[in-house]
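Peer 1: This is the structure, below, for whatever I ask next.
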Amino acid sequence: MKKNDVVKVTIEDIGINGEGIGKIQNYPLFVKGGIPGDEILARITKTKKTYGYGRVEEILHPSPDRIEPPCPIAEPCGGCQLQALSYEKQLTFKEKTVKGNLERIGKVPSPLLEKVMNPIVGMEEPFRYRNKAAYPIGRNRDGRIVAGFYAGRTHQIIPVDDCLLGKKENKTILNKIISHMEKHQIEPYDEVGHRGLIRHVLIRYGEKTGEWMVSIVINGNTIPKKEELIEALVGIQGMTSISLSVNKKNTNVIMGNEIITIWGQEYITDKIGDLSFQISPLAFYQVNQKQTEKLYNLALTYADLKGKEKVWDLYCGIGTISLFLAQKAEMVYGVEVVPEAIENAKENAKINGLANARFYVGKAEEVLPAHIKEHGRAEVIVVDPPRKGCAESLLETMVNMEPERIVYVSCDSATLARDVKYLRENGYELREVTPVDQFGMTVHVECVCLMTRKET
Ligand code: SAH
């Protein structure tokens, strides 16, 4: 088999990036756009010794689980890897991913895994769930200013101002900004030449409060005719915060560190459960409010607090989980590396009347060991790291602290599995695993686990 050959193949599985996997005489072929159950003709695009890549040339018999993607640009955009798969089967795939990683990478024995794995918590409505969108602004092939998404890993912007995962109003906001740019000949940023002014538009929405935040990322210090743009944007009901984010660096990091509030306040507020949270442009906040509520409730259940416990919440962001826990614990210590997020966390503790939460800026792996003596034993440690998981030194510190319970919230089950392996080898047992779908249509899986200290 070689490049450009066309072969008949049945797709049997989904790979970690959402691609279909079929086999030709035991040679795995990764086919972008293939859905398990599809019988297709695939054109080979690349061959390696033990596997190859192809793309769908023709669907001979579509899988019963295949659906017509509701978004017209689902394929070129690539952000929704699973839109052509029925939502039910997306959930099955995600459960399998978590289980597979815990088995292969985590070396969790099958009988234990069967016992601890709970069914995935799905969404009622798997579209329009994202409360945050960052649209790059650029020019399309005809030279018109457009908002959209970078196609795959390219510099090419695919115009789309109504992403179906985001809010309908995003389009109105983007149109107002683009009209302003056209009227005053304001140049969009050009990544290749590192020229132009407007780079990205960050939009955030408070699902429970109806508050809107717009932060315009610029390669400069201000926007021409700023007052006129503000006037256009404040016409949107619920507009609460308009800011500029200065990013003059030649980088693919979206936000600049300097935030200049040009109208309203710097933050918006949203609610999860009974708690209110102030969210700044630079702070991390879960993108799916409804599912986050379910996720945090599970984390709280697993923490099993009776009121006398000391708890650490590592990677705490704006203190969301910390304050959830503070409702039931004696004392919660939160640690987070982004200073703006910690400012939000402290303010959030105040506005919710929770005096039993303290927050530290810094890396979890550095802050935790530095404060063990001061705070003494903790019964529960919660971690919610970014995709790369926890530093091994942090896991080591945690194990030495001997908490009764570790609640691990993860957005990447491969690194979760790696860390579970370490913890199982060092005195902890896996008790509960519940995937929660925070990111319908995409391959990403969120997951919450409980580990408890083994009796010695
Ligand atoms: N628990 C929060 C945030 C989770 S996202 C929530 O549910 O909203 C992960 C957070 O970890 C981000 O806010 C990120 O800024 C922070 N972070 C990344 N590396 C870190 C480290 N080494 N130490 C502490 N925080 C870190």
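For all residues, glycine too, the Cβ spot is worked out from N, Cα and C.
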Peer 1: Would you identify which residue of Tyr315, Tyr360, Tyr408 TrEMBL lists as part of the S-adenosyl-L-methionine site it also attributes to Gln286, Glu336, Asp384?
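Peer 2: As annotated by TrEMBL, Gln286, Glu336, Asp384 share the S-adenosyl-L-methionine site with Tyr315, chosen from Tyr315, Tyr360, Tyr408.
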Peer 1: Neighbours of the S-adenosyl-L-methionine site Gln286, Tyr315, Glu336, Asp384: Cβ within 8 Å of the Cβ centroid, same chain, sequence order.
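Peer 2: Along the chain, the qualifying residues are Phe284, Asp313, Cys316, Gly317, Thr320, Ile321, Pro385, Val409.
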Peer 1: Could you give the Cα-Cα distance between Glu336 (S-adenosyl-L-methionine binding site) and Cys411 (active site), in whole Å?
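Peer 2: One finds 17 Å between the Cα atoms of these residues.
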Peer 1: When a 10 Å sphere is centred on the Cβ of Gln286 (S-adenosyl-L-methionine binding site), how many other Cβ atoms does it contain?
Peer 2: 23
Peer 1: To see if you understand the setup: which same-chain residues, six or more apart in sequence, place their Cβ under 8 Å from that of Asp384 (S-adenosyl-L-methionine binding site)?
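Peer 2: Looking at Cβ-Cβ distances below 8 Å from Asp384 (S-adenosyl-L-methionine binding site), excluding near sequence neighbours, one finds Asp313, Leu314, Tyr315, Cys316, Gly317, Ile321, Val409, Ser410.
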Peer 1: Give me the largest Cα to Cα distance among Gln286, Tyr315, Glu336, Asp384, the residues the record lists as binding S-adenosyl-L-methionine, in Å as a whole number.
Peer 2: 15
